[in-house]
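A quick write-up on the structure given underneath.
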Amino acid sequence: MSSTLVLHHLNVSRSFRVLWLLEELGLKYEIKNYTRTPELAAPPELKNAHPLGKAPVLQDGDITLTESGAIVEYLIHKYGPQFQCPEEHYVDNLYFTHLAESTLGPTGSSKLIWQILPGRVPFFIRPIISAVGQRLIGLRLDPELTTLADLIEKQLTKSTSEFLVAEHLTSADFMIFWCIAFFEERMPTGSVGPKTKEYIQRMQERPAFKSAVEKGGPFK
């Protein structure tokens, strides 16, 4: 299948979702890889693809899209009928697709920021920043992450297949997988359940997933 698709992909970022989906779809596409700066930021040349300077950026002819969730839904709508969610699972798929970036992603990112921030500030205020961060993590972020992990574990327990909501991959899998797998090692101890751990491992064993890693590098 011919395609005008171009993916601007940043290593160790949410754009892995799109790369994995493209591999699952078997589409012809061009990948332009970008590497994070020593400060872990996106390189400035990404602004040539989109003014925000963030990945992923997907170009499909005259269409340019950012935001991994929007891109995943666009690709499935246009190119992936096999990944569209059956009506009986529509609500669960809708919920978990948007839970990824509305709650789970921001909460995990907040914890990550507070964990690395003390090493990025002048030494004389590090104890203060560290103390504030640890208190915020303990009182707010870790309890919310534990609740989210339990929510995903219960959904996987309820699922009658190897996937999150349906009998095949859907947008919820592409969106939730990256969050729960990327933040797995930073989740509160014991919060990631056995079904979730099996799910993370199972997705990584898919041929398309392995191909995405070969083309775009590790996802975390």
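Including glycine, each Cβ sits where the backbone N, Cα and C put it.
As written in TrEMBL, here are the features:
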DOMAIN    2-83  domain 'GST N-terminal'
DOMAIN    86-220  domain 'GST C-terminal'
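Within the model, the domain 'GST C-terminal' (86-220) carries an average pLDDT of 95.
With DSSP states grouped into helix (H, G, I), strand (E, B) and coil, the domain 'GST C-terminal' (86-220) comes out at 106 helix, 0 strand, 29 coil.
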